[in-house]
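Feature annotations, reproduced from TrEMBL:
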{"type": "DOMAIN", "residues": "26-64", "note": "domain 'BPL/LPL catalytic'"}
{"type": "DOMAIN", "residues": "117-147", "note": "domain 'Biotin protein ligase C-terminal'"}
Amino acid sequence: LPLSSMGLLPLLAGLALWRAVGVGGIKWPNDLLAPDGRKLAGVLLEAKAEGEEVAYVLLGVGANVDWAPEGAAALREFSPLSRREVLSGFLLHLESLLPLLESPETLLSLYREASYTLGRRVRVQTPKGVVEGVAEAILPDGSLQVE
């Protein structure tokens, strides 16, 4: 995997999870929110680069399927899916979406359709500090454009 595709992996993983669950939307880059805006799930990625290539990626998913902490949402409030169904759906969608890393515009178009973030006021922590404004676009490298 080219290092240049690394910024798209969190979006791809979030999209796979959203498709598996079938409710809510994706909070950039890869948290899944319920229709009412409470957090349902999230994806974490860690990668190791070697030169211009990604040597490996570790991916973890946390999903509130049957129970949720205070302020969050449980999937069972919106869907009868079991943990096994969420996991198998996620893995199937992840596998089917991986080829889209070769076609970033298609991936970004699908992601935008599932986005909970675009058009909303956001607060983003960047290496240069906090940026606040309206989420305007998802850029080709997977970053969020805030105006």
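Glycine is no exception: its Cβ is also placed from the backbone N, Cα and C atoms.
Under DSSP, the residues of the domain 'BPL/LPL catalytic' (26-64) split into helix, strand and coil as follows: 0 helix, 28 strand, 11 coil. Taken together, the residues in the domain 'BPL/LPL catalytic' (26-64) have a mean pLDDT of 95 on the 0 to 100 scale. For the domain 'Biotin protein ligase C-terminal' (117-147), residue counts in helix, strand and coil come to 0 helix, 19 strand, 12 coil, using DSSP.
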